[in-house]
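K.L.:
According to TrEMBL, the protein carries these features:
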DOMAIN    84-300  domain 'ABC transmembrane type-1'
TRANSMEM  12-32  transmembrane segment
TRANSMEM  82-109  transmembrane segment
TRANSMEM  116-139  transmembrane segment
TRANSMEM  159-178  transmembrane segment
TRANSMEM  217-242  transmembrane segment
TRANSMEM  281-304  transmembrane segment
Amino acid sequence: MLIWRLIKNPYFLLGFLFLFGLFGSSLVYYFYTGDHVPVIDLLKDKDGKFLPPPYSPLEFPPLGTDNFGHNVFILMLVGAKYTIGAAMAIAFLRVIPSVLIGLIIHFLFKKIKPILAGIVDASNYFPTTLLAFLLLNWVMSDGPLRNPDDFLYSFQELVVIYILILVAISIPSVSLLFSNEIESVMKKEFIDGARVLGAREFHFIKNHLRPFIVPQIYLVLIREFIATMLLISHLGVLGIFIGGSRVAEDLFGNNSFFSLAHEWSGSLGTWWQFLWTTYPWIAFIPVVFFTLTILAGKMMLVGLSKELEKSSISHDAGLVEEKQKQSRADQGLFEMVESRKM
C-alpha cells in the first residue's frame, strides 16, 4: 500500500514530519492561547539604560524580537498555520478543479484545445508574481494607505480574495497540464481495445484514466504547494500580505506596516527594510522558515516520486511476466495442436 511505503521512505517522512509538525504546533498554540503574541519589557544595557528593540537572538533567545517588541519565535509559530494553511488550500483549489476542467477540455472541447494551449503558453511569459501583485494591490493596499477608517473589507474577506486570485491565475496552466496527461493516456494501445469493445467516456475515466491520473494529482499537489510558497514570499516582499496589513506605531512612535495574521510573508515584507540597518539578521528569519518549508515539500515530492516509480516498475514487470506466461501458454497450445495434426 502506498501510504505504508511513504511512511518507510525517509525523504517523505522527514519532510512530512517537519511540515505538519510545524503546522500542528501552530494550531495547538492557537487553541491554548488564542494566538497571543507577548510584548517583552525593554531590556537594559550594562549601564542600566534602556535598549530600543528589536533585540537580537543573543539578547533575547531564541530568535529575538521585532521593532514592536514582539517575540519573533512566537510570531513565526503563530504565522505558520496561516502561511502553510493558505498554501495548502491554494494548491488544493488549483489542482482538483483543474482535473475536472482537463477532462472537460479533452472530451468536449478537444477541437479548440490548440487555441487554449496557445493562449496559456503566451500568458506564461508574463511573470506570475507581477500578475498577482497587480490583481491584489488594489484591495490589499488601498485601505491601509488611503482610507483606513472606511475600509470595506474584513480580514476574512481579504483572505478569501487573496486565495481566490492566487488560485485563478494558475488554473489555466494546470488544467492544460492535466488535459495533456489525459491525452497521452488515451493514446495507449489498451484504450483502442476498450474503444472497440464499446467503452464510453465514464468507463475510460473510471477504469483506465484513474490509475494514471491519481498519482499525478498527488505529485502536482505538492508541486503547486511549493510554487505557492514561493509566490507568497515574493508577494510579501512587494507588500502584499495574507489578510491585508495595517499601519501601527512601534514602541518609539515610528509608523510601520504589520500583517494582521502575523503570517510569514507579512513578516518578510515588514522586516525587509532591516537589511540596510544594524539589524540585518531579523530579515533572514522568515526567509529561513520559508526555505525550510519549501525544502520539506521538496523532500516529500522526491519521496513520493521514488515510491510511485517503484510502483510503476513493479506494475510493468507484472504485466511483462503475465504476457510471458500467456505467450508460453499459447505456445504450448500451438505445439499440442501441431502434435495432434501429426
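Cβ coordinates are placed from backbone N, Cα and C, and glycine is handled just like the others.
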K.L.:
Which one, 82-109, 116-139, 159-178, 281-304, has the most C-beta pairs under 8 Å toward the transmembrane segment (217-242)?
P.N.:
82-109
K.L.:
Can you tell me which parts of the same chain pack against the transmembrane segment (82-109), counting only residues 6+ beyond its ends and a CB-CB cutoff under 8 A?
P.N.:
19, 22-23, 26, 116, 159, 162-163, 166-167, 170-171, 174-179, 181-183, 186, 201, 205, 209, 213, 217, 220-222, 224-225, 228-229, 232, 242-243, 261-265, 293
K.L.:
Who are the chain neighbours of the transmembrane segment (281-304) in space, where the CB to CB distance is under 8 Å and they lie at least 6 residues beyond its ends?
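P.N.:
Cβ under 8 Å, 6 or more out: 6, 9-16, 18-19, 22, 54, 56-57, 63-64, 66, 72, 76, 80, 83-84, 218-219, 222-223, 225-226, 229-230, 233, 236, 264-265, 267-268, 271-275.
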